[in-house]
């Protein structure tokens, strides 16, 4: 028998053990390929609302997801391969006893793992290609893309997936096999034939784990309540990780040994259960720690991504009306009015009744030192975009919201999002005021002492510090500014109709026309700028004369466009979250499955002994079920505690429905884990019974 035949025979003979390893590796490669497909698909960026920010979000999110999947794969595959080597130590020892050299043994293992990894990678990529069209349709709907994504196999994504996973398998194979020592393998076989001493634990180390956990939690809460320095947060995370590892290695064994000393230990099957638990807890401590820590990280990561995605619309909100067109100066106002009339006519032709109006703005700035800013819990900006009360009331009536009132010599600041509104509604009305010294305009020297009223009335128009004063105050301040500065009057034109979400084609066409016009205007200015720079010095008058024939740009903000960007951003986050979560859960389940069935022969021999001693199948099954329940659910319970602490700290920092995410994520994971537990329990009990009583 040559090496090739021996390798193939080994793979076939260990198929049961390799199955979970192969399937989970192929699944990870498939998800990695899906992310790379989306990352390198040329149409995806084109369909994301023409938003550079959103396209960057997609690129960064997908790139980070690729890195996370690769690191998870490396961690999982390395751990499982090391466990698999220990599982095969008897076979490896026999090879050494029969005269095979260590270098040849390493070669066999290296080729086996590399071959298995390559096959898993190719299988994963193949499945990804087969599911490409379905996944692109899902992506189109989840991301609300206006056009379908064409079927394609990006060579960059295919090459990246194949290269990364083959490299991971080769890396694991090289370092794991290099650590093999023939003498160690043979000595492990001899040690297996001796009775195993009961694992030891020290009370100081056992309780150190609990103390580290509590201190870690305390530092996380200290970060949330007292400081935003990253040092306490990072230290808290590290102490929590260390405490988790020590708790599984030391405290669990210490606790079980204390239980063993009680008289109740001698009743029924408890003696068998607790005795076996002591050994299993120490043997599986590394696995429990790995699963608990990585599950906590996955839980927190998924919940934060969901929180960001679901809160983006409520926090940003876009604008409160369908369109806002800013203008500056009479010439720009005339140009903007022409564009607004064009879209108004198009909307009216569709059978809708748009409302439009022009609003003038004043600008003011608060002269505050750092201590004043720190002491004012309502402070958001030192600048104010001020509109007339009559304009404000007309807009609030249009959007169906109740308007607040403002008095002379007051500035009423408006809430730009629901978070701000909720914060102010929780404060009594008579406590929502501040007194600021303000300066009208920019460097005009016109100063006023006014009362700032922070209103929960919400109006978002893409202006910082949007505020309201009485018409009388507005006229007085406007007259003062006209005397002291030559700055042009500025403001915006708003257009609104309740059915704005029902006309995506109209909005898309109009936005596309404006964007193309603005791009051409920008190009003309760029060409003119290059021409003047080539000539050398030039005056402002020469520039104005040369640029007078270039049309004016049309600046605008579209409610539908912001709404679409938010939906697409949420869709990107949702896809990344679901795919990353699925990879992690498959890995977690595979580790438990692999560890469980890797010890099948040893567990079978143990239960064979119990069968010979007269222990009934019912009692043996009771012992096994308890052991399996600990293996499947103890790390999950620890992860849920870590997750709850993290969510509590996050809730202190930001106003998000974190417990809603906690409930959804934990419930879904528990459903998955319970189903997987019952499936594995059924198969495992069958295998154990077959070994324990071959006659059945």
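Yeah, the Cβs are placed from backbone N, Cα and C, and that goes for glycine too.
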Looking at 201-225, 326-350, which one does TrEMBL call transmembrane segment?
201-225
Can you say which of 285-308, 357-380 is given as transmembrane segment in TrEMBL?
285-308
Identify the transmembrane segment range according to TrEMBL, selecting from 89-113, 114-138.
114-138
Are the transmembrane segment (114-138) and the transmembrane segment (20-40) close, by which I mean at least 3 Cβ pairs under 8 Å that are 6+ residues apart in sequence?
yes
Of the stretches 20-40, 60-85, 231-256, 630-653, 659-680, which racks up the most C-beta pairs under 8 Å with the transmembrane segment (158-180)?
60-85
Thinking of Cβ pairs under 8 Å, which stretch from 60-85, 285-308, 572-594, 630-653, 659-680 has the most of them with the transmembrane segment (201-225)?
630-653
Summary of DSSP states over the domain 'ABC3 transporter permease C-terminal' (64-179), given as helix, strand and coil counts:
97 helix, 0 strand, 19 coil
Which one of these stretches, 572-594, 630-653, 659-680, has the most C-beta pairs shorter than 8 Å to the transmembrane segment (20-40)?
572-594
Six or more residues beyond either end and a Cβ under 8 Å away: which residues meet both conditions relative to the transmembrane segment (60-85)?
17-18, 21, 24-25, 28, 31-32, 35-36, 38-39, 92, 109, 113, 117, 160, 164-165, 168-169, 171-173, 176, 180, 286-287, 290, 294, 572-573, 576, 579-580, 583-584, 587, 590-591, 594-595, 598
Using Cβ atoms and a strict cutoff of less than 8 Å, what residues sit near the transmembrane segment (630-653) while being 6 or more residues removed from its termini?
217, 220-221, 223-225, 240, 244, 247, 277, 280-281, 284, 287-289, 291-293, 295-296, 299-300, 303-304, 307, 592, 595-596, 659, 661-662, 665-666, 669-670, 673, 676-677, 680
